[in-house]
Amino acid sequence: MQASRHSIQAEPGWYVSAQQPEEAVAADEWSPLLSNEPHRQGSSGASFGLSVFNVMNAIMGSGILGLAYVMANTGILGFSFLLLFVALLASYSVHLLLAMCIHTAVTSYEDLGLFAFGLPGKVVVAGTIIIQNIGAMSSYLLIIKTELPAAISEFLPSDHSGSWYLDGQMLLIIICVGIVFPLSLLPKIGFLGYTSSLSFFFMVFFALVVVIKKWAVPCPVTLDCINEVFQISNATDDCKPKLFHFSKESVYAIPTMAFSFLCHTSVLPIYCELQSPSKKRMQNVTNTAIALSFLVYFVSALFGYLTFYDKVESELLQGYSKYLPHDVIVMAVKLCILFAVLLTAPLIHFPARKALMMILFSNYPFSWIRHSLTTAALNAIIVVLAIYVPDIRNVFGVVGASTSTCLIFVFPGLFYLKLSREDFLSWKKLGALFLLLTGAVVGSFSLVLIIFDWVNK
């Protein structure tokens, strides 16, 4: 059985039919990506828990702030179905990626593209990863730029307008130089496991505060509700939750959710540093991370929507800034969510830098100078984008509709159909085809509608 497994890894294709089905499944579940991984025999490598935190940190970023707005434009049941649907598809696409990596003996998303379609496939995948992750990091830093000055000013006893520490652009540059850049310079993604755990607990605290503050804002929502606490919501038409709803704004639903569940570019680097790595163990890491992220997403979106209903902002924190500007708990949770978003940026930076260096310097040995210069260049790009992109929804919609849907749905399905030698009517190939078609339809349709909406405005 061991020899059979290595023969599969050595071939430039899939030869699953050479094994009995039950033997192939057993090999898939416990096969490592590489037959020679020294760290598997020792105690080095990231633990299961830290790996879960890293995957959750890759999943949970600024997307959590836009989901209440999505629920307001799709309804509670509509949102629940769509969120569950995208989460299941995200988990299944990771399953396909891990299966392909086992049978092709490659360790990166870009190399899967190379294995399937040659050099053009590698370049397309790497370019998609770079664009998507730059868009994600820009949206994270955009939140820092817009929200951090207001969060700081709320703790100040008097007016300090004009001060450098209330200048969003200045704070953004300082944070990128002092925090994001040093963390991004770390050579291994596993080093960020502890900062990822801190980021996740900040997100959980945010969700709990959203639940508690549902009763702090009376309904109907008016500016007179400032400083009111624990008011009972009135049963008016404005305060009745919608189970299903569709409007022009609903077009942002799927792209925003796809953006919120994207962890695929970080899964393989995290897998390579996992203790006792196997396909089954990494799938369990991913499923645990997606399930916990789904829970936090749903709770924060539901109670955020039930707080503001149709008046919910596209960025949830803006609503609390407007109606509860001096609430101490809200002031604290703003800083927590900002730090959580900030700590996500370095994790997303790793796949972007790796993709860029695989395109430009794939034949060169590792160099700290090249590593540092590439990191600095990427940080400079995302700072510029964060300064000049005015609306976070633009980032969510366009990036989610184009690159995120490719990385979650299109590429895993397409590569599996290309590389697998299973019968076309097998369940996995049909699932891969469904994944591919879903991504192509959803991504194209959403992108067209978003552009059409912009033109009308």
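Here the Cβ of each residue, glycine as well, is placed from N, Cα and C on the backbone.
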* Given the candidates Ser7, Ser35, Ser163, specify the residue that Swiss-Prot annotates with phosphoserine. => Ser7
* **Of the candidates Cys219, Cys225, the one sharing a disulfide with Cys239 in Swiss-Prot** => Cys219
* disulfide-bonded residues: Cys219, Cys239 - member with fewest neighbouring CB atoms within 10 Å -> Cys239
* Structure fact -> Given 289-309, 372-392, 432-452, the one sharing the most C-beta pairs under 8 Å with the transmembrane segment (192-212) is 289-309
* **For the transmembrane segment (328-348): best-contacting stretch of 48-68, 70-90, 171-191, by Cβ pairs under 8 Å** => 48-68
